[in-house]
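Pulled from TrEMBL, these are the features on record:
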type	residues	note
SIGNAL	1-22	signal peptide
DISULFID	CYS31-CYS229	disulfide bond
DISULFID	CYS73-CYS83	disulfide bond
DISULFID	CYS88-CYS94	disulfide bond
DISULFID	CYS148-CYS201	disulfide bond
DISULFID	CYS156-CYS166	disulfide bond
DISULFID	CYS170-CYS179	disulfide bond
DISULFID	CYS180-CYS188	disulfide bond
Amino acid sequence: MAPSLATSSILALFLLVAVADAATFTITNRCQYTVWPAAVPSGGGTKLDPGQTWTINVPAGTTGGRVWARTGCGFDGNGNGQCQTGDCGGKLRCTAYGAAPNTLAEFALNQWNNLDFIDISLIDGFNVPMSFLPAGSGAGCPKGGPRCATVITPQCPSELRAPGGCNNACTVFRQDKYCCTGSAANSCGPTNYSEFFKRLCPDAYSYPKDDASSTYTCPAGTNYQVVFCP
């Protein structure tokens with residue numbers, strides 16, 4: 001039996017809303033070196049030489065989303081290889097999160113009050129400077145979006161240094177006070193290490209409870225620009 005006019009109209013309206021609320025992420029490499037951006041759960045990964053751009057569409061309602069840069073990569077014709085930073089199991093097209101250290105753009109779309117929640121996180125450390133901004137005028141985004149434009153690696157404390165980047169203290173020491181786990185799950189605060197990252201990138205998460213100064217909101221359906229080396 002053919003669908004009724006009412007059913008067809010509802011389906012068309014649903015598809016229109018779904019398309020309108022999907023977000024386009026434009027990812028640009030302004031670094032003077034090649035990066036291999038990755039995006040999960042939508043996008044996978046690719047290679048970007050200096051000046052190149054990659055565009056992905058992220059479905060409405062996506063949670064746990066991340067975009068990050070990988071560096072020092074080599075892949076064969078089948079997309080298998082390895083990266084010095086941000087590696088995701090040796091695959092060009094990621095389906096899992098990357099290994100620390102890596103600067104993260106994190107997002108959850110179409111959440112409470114029909115808002116997107118976005119941030120830059122240094123909880124997994126730092127490898128590449130990044131900005132994560134709403135596209136266009138950013139109307140409806142009270143604080144705009146976060147930036148972490150400082151090259152942190154040369155200033156990294158010796159105990160946090162890693163090839164190609166700077167680890168967060170949680171990654172290195174695995175202690176509750178740095179990871180906000182176990183005995184410090186509900187009581188952890190800034191440490192000397194998190195304050196080091198916060199001083200250089202005030203917009204970014206520096207430890208897991210750093211929500212107040214590091215979470216940004218935009219209306220659902222906003223499009224975004226992620227820029228490496230802004």
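Yeah, the Cβs are placed from backbone N, Cα and C, and that goes for glycine too.
Keep in mind that this is a model prediction, so the values were computed, not measured.
Recorded features from TrEMBL, shown on the structure.
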{"residue": "CYS31", "record": "disulfide bond", "contacts (Cβ under 8 Å, 6+ apart)": "PRO50, ALA69, VAL128, PRO129, PHE228, CYS229"}
{"residue": "CYS83", "record": "disulfide bond", "contacts (Cβ under 8 Å, 6+ apart)": "TRP36, ARG70, THR71, GLY72, CYS73, GLY98"}
{"residue": "CYS88", "record": "disulfide bond", "contacts (Cβ under 8 Å, 6+ apart)": "ALA38, VAL40, GLY45, ARG70, CYS94, THR95, ALA96, TYR97, GLY98, ALA99"}
{"residue": "CYS148", "record": "disulfide bond", "contacts (Cβ under 8 Å, 6+ apart)": "THR103, ILE120, LEU122, PHE126, PRO129, MET130, SER131, LEU200, CYS201, ASP203, ALA204"}
{"residue": "CYS156", "record": "disulfide bond", "contacts (Cβ under 8 Å, 6+ apart)": "PHE126, GLY165, CYS166, ASN167"}
{"residue": "CYS170", "record": "disulfide bond", "contacts (Cβ under 8 Å, 6+ apart)": "ILE123, TYR178, CYS179, TYR207"}
{"residue": "CYS188", "record": "disulfide bond", "contacts (Cβ under 8 Å, 6+ apart)": "ASP176, LYS177, TYR178, CYS179, CYS180, TYR207, PRO208, LYS209"}
Neighbouring C-beta atoms (10 Å sphere around the C-beta of CYS179 (disulfide bond)): 19
Densest Cβ neighbourhood among CYS94, CYS229 (disulfide-bonded residues), 10 Å radius: CYS94
The one of CYS73, CYS166, CYS180, CYS201 whose CB sees the fewest other CB atoms within 10 Å, among these disulfide-bonded residues: CYS180
